[in-house]
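Each remark here refers to the structure printed beneath this line.
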Amino acid sequence: MIASAATPGEAGRRRQIPSVIASAATPGEAGRRRQIPSVIASAATPGEAGRRRQITDEDLIRTALAVAGTAGPRDVPVGAVMIGADGTELARAVNAREALGDPTAHAEILVMRAAAGVLGDGWRLEGTTLAVTVEPCTMCAGALVLARIARLVFGAWEPKTGAVGSLWDVVRDRRLNHRPEVRGGVLAAECAAPLEAFFARQRLG
């Protein structure tokens, strides 16, 4: 048994992540690249995929910023987007730790789950690029290494919890068997602005 603590009713409530937070296509749907609600996770249509192949890191971060804007009122506004090796958008996700009551529901974790569902061929996300509006924490940095993500792009640096160069550098640790390419600080000021506004509101109560 991997984990079991909730009653049957609680399990139903906790294991089903609302489609506005994260969703993934079935194997058949993945082949068709069916559109998933864009609030948090989506799969590109064939036409969209063709247009997205020339996407820049800045484009990815702008998309992630738009997703961050959909965060719930109590959640830190962090957004993430993932594309495949050919530039096809696989999934989008927003931080939903408070909305879901789930300590692991960071944008990066949710976008990886959704992308794995779209690809439908296991947990390895080889060849993919993950873009997120803020430097990943230790949990997310470790997860993207384990998922074999090829490339990480992020916006604002996080001096308090960042694990991609600020406090730690998990993704470039030579003791690990996978080290993704990294580009940090992309549109850093733009990505920091919604975070600063959120925490300013929190301080005001």
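The backbone N, Cα and C atoms fix where each Cβ goes, and this holds for glycine too.
Residues or ranges marked as active site, proton donor by TrEMBL: E108. The Zn(2+) binding site annotation in TrEMBL covers H106, C137, C140. Per TrEMBL, the feature domain 'CMP/dCMP-type deaminase' maps to 55-167.
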| message | Please give me the CB contact count at 10 A for C140 (Zn(2+) binding site), counting all chains in the structure. | response | 29
| note | Per DSSP, the domain 'CMP/dCMP-type deaminase' (55-167) contains 38 helix, 24 strand, 51 coil
| field | Cβ neighbour count (within 10 Å, all chains shown) around E108 (active site, proton donor) | value | 27
| note | E108 (active site, proton donor) and C140 (Zn(2+) binding site), compared by Cα position, are separated in whole Å by 6
| request: For the recorded Zn(2+) site, enumerate neighbouring residues of the same chain (Cβ within 8 Å of the Cβ centroid of H106, C137, C140, site residues themselves excluded), in sequence order. | output: A107, E108, I109, P136, T138, M139, A141, A143
| request: Taking the Cβ of C137 (Zn(2+) binding site) as the reference point, list residues of the same chain whose Cβ is under 8 angstroms away and which are at least six residues distant in sequence. | output: H106, E158, T161, G162, A163
| Model confidence over the domain 'CMP/dCMP-type deaminase' (55-167) (mean pLDDT, whole number) | 97
